[in-house]
Amino acid sequence: MHLHSPPLMADGSFSLSGHLLRSPGGNPSRLHSIEAILGFAKEDSVLGSFQSEVSPRNAKEVDKRSSRHCLHKMTEEIHPQQEHLEDGQTGGYGDPYSAKTSSECLSPGLSTSNSDNKLSDDEQQPKKKHRRNRTTFTTYQLHELERAFEKSHYPDVYSREELAMKVNLPEVRVQVWFQNRRAKWRRQEKLEVTSMKLQDSPMLSFNRSPQPSAMSALSSSLPLDSWLTPPLSNSTALQSLPGFVTTPTSLPGSYTPPPFINPASMGHALQPLGAMGPPPPYQCGANFVDKYPLEEIDPRNNSIASLRMKAKEHIQSFGKPWQTI
């Protein structure tokens with residue numbers, strides 16, 4: 001088929017005129033459409049043979065026509081794609097060249113690069129986290145927050161909103177502050193509990209000697225005054241009395257208890273002491289001081305010796321009413 005009329009050249013179905021593509025033998029060569037030149041049809045081998053024969057001027061005309069054809073294809077593809085998306089169907093539009101999009105028509109390699117960039121952006125978006133700036137509280141704000149924390153460790157939302165308006169802070173910041181303050185308070189409570197357990201450990205309670213059952217019954221049955229309670233309630237002082245001597249080392253070896261003092265008589269002697277009141281300070285006689293020198297005992301250095309000395313004074317106070325009778 002030979003092309004001799006100019007109107008056929010204006011049509012976009014043919015790319016080159018007959019006189020440009022005639023072979024040297026006079027026979028007309030194959031004519032190619034714009035689709036074949038742009039690569040829509042797989043005729044690359046035939047297209048390569050004619051690229052060398054096309055002049056630069058004709059190449060510019062071909063580029064202009066191809067760009068017009070691409071724009072025309074873009075406008076035709078927009079409306080069918082919208083209708084196709086509304087119907088929810090997939091596939092082609094009945095046109096063998098409809099698989100080519102406008103982006104592929106303009107630049108075939110641009111669509112793949114754009115899709116790769118979109119995928120990389122989607123992968124990077126979850127990794128980005130919004131970092132909140134650290135809130136710096138003023139002295140007034142901390143004072144008001146501490147006062148509110150003393151009133152209630154768990155304020156409700158209305159109290160938090162009122163406090164937030166008072167200290168000019170967002171309610172979320174006030175809530176976070178109370179959470180951190182409660183955590184700090186729990187840590188302090190745990191430290192206090194552990195310190196109390198260390199104080200009450202058995203290593204520190206070995207000095208506490210249990211009281212004998214007989215002495216506890218005696219002290220509970222006797223109506224003693226407050227000034228007699230400390231020495232009698234102490235087991236060390238009670239063991240130093242003559243009626244409760246269990247070891248020979250509790251009193252000096254030269255001391256012998258008087259014959260009128262025994263456990264039975266001591267109970268009768270202690271009964272009228274509740275009505276007598278506190279006795280006057282007892283003055284030891286000269287013979288007693290000479291027999292038991294007190295200079296050898298230092299109450300400030302030895303607590304046991306001081307308790308023994310108090311026990312001796314009570315023993316002498318018990319024996320004095322019997323001697324007068």
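In case you wondered, yes, glycine gets a Cβ from its N, Cα and C as well.
Going by Swiss-Prot, these are the annotated features:
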DNA_BIND  130-189  DNA-binding region
COMPBIAS  75-87  compositional bias 'Basic and acidic residues'
COMPBIAS  99-117  compositional bias 'Polar residues'
REGION    75-136  region 'Disordered'
MOTIF     32-39  motif 'Octapeptide motif'
MOTIF     302-315  motif 'OAR'
MOTIF     308-312  motif 'Nuclear localization signal'
Averaging the pLDDT values of the motif 'OAR' (302-315) gives 82
Taking DSSP H, G, I as helix and E, B as strand, the motif 'OAR' (302-315) contains 13 helix, 0 strand, 1 coil
